[in-house]
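Here's what TrEMBL has on this protein:
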{"type": "BINDING", "residues": "A:H93, A:D104, A:H212", "note": "Zn(2+) 1 binding site"}
{"type": "BINDING", "residues": "A:D104, A:E139, A:H409", "note": "Zn(2+) 2 binding site"}
There are 2 protein chains.
Amino acid sequence: MMTLTINIERLLHELDLLALITDCPPIQDRPLPGTTQAVTRIVFTPRDLEARAWLKELVLAAGFTVREDAVGNTFLRWEGTDAGLGAVGTGSHTDAIPYAGMYDGTVGVLGGLEAMRSLKEAGFVPKRAIETLMLTSEEPTRFGIGCIGSRLLGGVIDPEAADRMLDRLPETDASAPTGLTLADVRQAAGFHGSLAGVKLPIGHYHAWVELHIEQGPLLEREGIELGIVTNIAAPSSYRYTVEGFGGHAGALLMPDRRDALCAAAEMILSVERHARAANANSGGVDTVATIGMVGVYPGAVNSVPSRVTLILDLRDTDVARRDGVLSAFHADIAEIEQRRGVKVQEEIVNADAPAKSSEHIVETVETICKAEGVSYKKMVSRAYHDSSFIAVVAPTAMLFIPSRAGVSHKPDEYSTPESIAVGTRMLALALAKLANE
Amino acid sequence: MMTLTINIERLLHELDLLALITDCPPIQDRPLPGTTQAVTRIVFTPRDLEARAWLKELVLAAGFTVREDAVGNTFLRWEGTDAGLGAVGTGSHTDAIPYAGMYDGTVGVLGGLEAMRSLKEAGFVPKRAIETLMLTSEEPTRFGIGCIGSRLLGGVIDPEAADRMLDRLPETDASAPTGLTLADVRQAAGFHGSLAGVKLPIGHYHAWVELHIEQGPLLEREGIELGIVTNIAAPSSYRYTVEGFGGHAGALLMPDRRDALCAAAEMILSVERHARAANANSGGVDTVATIGMVGVYPGAVNSVPSRVTLILDLRDTDVARRDGVLSAFHADIAEIEQRRGVKVQEEIVNADAPAKSSEHIVETVETICKAEGVSYKKMVSRAYHDSSFIAVVAPTAMLFIPSRAGVSHKPDEYSTPESIAVGTRMLALALAKLANE
């Protein structure tokens, strides 16, 4: 195995610079290790475009090439000596939900770039091309569905339907579209051409490995340096519209009310209860249900809510158990509709399958960890990732590094320099090994 | 009693014109009687300033004078023959919550103006001055508290505290201030000077009568033309901040959650339950509790809510019963905090006393109704009004006209031309009678 040094100072500095491209107020000084930057960087906003431009400069300076597809997926490519072979890929995303942290996704993009640079500086010559991808809109903030770039690469979303998706850049009402579509927004951002051309042919990637923070507490708690992901949980999300009857908060008397928010409150508690029951019944913790967005119409102190929108995120490692929670929730909704005189509509935003990692890639990484004396465990990813969809067209695996206290999607999300260095080094060695197969 | 004709066509036309000054899409044709316009006209927004300018032109054209105070309360004045006597006042508001109707408040301002014009055209000469007021921000949309103009006139809010109130022009988070204060916003709108000068001296008004739509179903249901308000229910509102613990919707497992939204859902259902119980215990319907605004932070599909803000509107004709509901709610909040590991903070936005009408004015209106053959009933106002606060510095009463189906604060709020004409005529006759006392 080759000797390889990662330039961790360069990588940390770039993570800092990227974090300052944010719609949150920047922290000017970061006096202590572990002081982190709040990041809001929603796809195709000015901050996202700024981050893309900054990344491309970095890549060109490192001597790699850049290609962008019609949805803005950005391929940082290092050509191999044998142009006839499928490439080895890595990558992740740089978009961030409102008031998120600075490591989710970014470690996989800048870590991928650093892996390529370190290998190049170490004199490594790859037989297969190596690519780092910056994937568009892993986060569902703007269009209601996550992993838009990787879904298109994997061909698991209809390109025309994708182009018609409504822009829901967060405003007062969680379900209120801006009137624009993905087609409008991506073209305004400079990404033209048909989305049908985004799908990757089988064979484009010989192998794909994504580096990511764990976003859970297990690795830190157990003192393990690296997680090798064997399965990714099946995610789904649903939009609910509760229609009641509004009116003046003083004059509409309690017996006459069909308050959409009170009905929605019962729904919020119902799905929480059923997810907890699914865990209790299975003796596990694999079912998670979250309502993270609520829109109240008309949204005034002195108006009884006539309409409420909720978005449910429901995940499980077992699709049948996930469907069971949804069925129990549906039964409660029917009862709430009946008792409260409201109407509830459900719209499926996405309901995806779980993904299974390539045994060959998992074994390759295990072998490297053993040779390098890096502690690892095989684990399930409960968060879904771009790799869920790349997995449809390529053998994939993921590498996790520890997240402080398991915190993610919050400004205090943090991974240590040591963890980032180990993860990036294992990624680089895996890419090198796979590129010479 | 004098002969008096109201120019109802002129008044209806002006109500239509004012309704078109809205941040909602205008309806160009109104083919059927009862087709109404959705109105959003939040205080000190461009639409509100446009409405104010339009109203002033109308008033000057009618030969009355205009005075504006430091908070933008606008006095349309018809001088009387005896300058030494207190005036007779009427008026209401023209601001409107998001997607409201076109009659709430506006009937009292344009109806007041029409009453003055009709009396003048009929050759009436008042001994006391007659004033119609357009009062600033009766709706709490922007600063979280309603009746700002009339509270200052009545001296029931500290002028310096009022100037420090935070602008909360509706955005994603129901509690997120824009960073501006009332002082900033009113001065930017052109209203300068100290708010301390707004308070009216006792005696400024000999009597005050406000014309308003009922915003409830009773008059229509009982086929009665006019309501004479004897009491106004005691309003209160409270802002709650629920602090839980956020994280990634996939990775933060159910046993580790302290979800602020699930806690808030229990609070929503708790206060609803206690309001219904208070009605059941009293055998009445006078307790009403509403949560009309919810803010969820960070507000992303795949983030567990770490903070939720709720605003509660709680009203009763009986202050002790209202306080009882609040106490029961507090006990539930303490239990929810304990069980779910969240912290809930309460901030009192306002907690006002009920207002009682002047018996003399109520009797004056009753006498006029009997003489004119207009059916009336004495009633309680469950919505609060500017008159609640004018009542602190002047003898007051209110006149209600029927609201179709009791609907208010919604675009289909409607009162018939006949109802508006009767209400305006009774108002004019009452103003004339009181002005010559």
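Just so it is clear, glycine is given a Cβ too, placed from its N, Cα and C backbone atoms.
Rounded to the nearest whole angstrom, the C-alpha distance between A:H409 (Zn(2+) 2 binding site) and A:H212 (Zn(2+) 1 binding site) is 13. When the C-beta distance to chain B is held to under 8 angstroms, the binding-site residues A:H93, A:H212, A:H409 reduce to A:H409, listed in sequence order. A:H212 (Zn(2+) 1 binding site) sits 14 Å from A:E139 (Zn(2+) 2 binding site), counting Cα to Cα. In sequence order, A:I42, A:V43, A:H93, A:D95, A:A96, A:I97, A:A100, A:G146 make up the list of same-chain residues 6 or more apart from A:E139 (Zn(2+) 2 binding site) whose Cβ falls under 8 Å from its Cβ. On its own chain, A:D104 (Zn(2+) 1 binding site) has A:A96, A:H212, A:I213, A:Q215, A:S408, A:H409, A:E413 as residues at least 6 apart in sequence with a Cβ closer than 8 Å to its own Cβ. The number of other CB atoms found within 10 A of the CB of A:H409 (Zn(2+) 2 binding site), across every protein chain shown, is 29. Surrounding the centroid of the Cβ atoms of A:H93, A:D104, A:H212, where the record places Zn(2+) 1, the chain contributes additional residues within 8 Å, namely A:S92, A:Y103, A:G105, A:T106, A:V107, A:G108, A:E138, A:I213, A:H385. Around the Cβ of A:H212 (Zn(2+) 1 binding site), the number of neighbouring Cβ atoms within 10 Å comes to 30.
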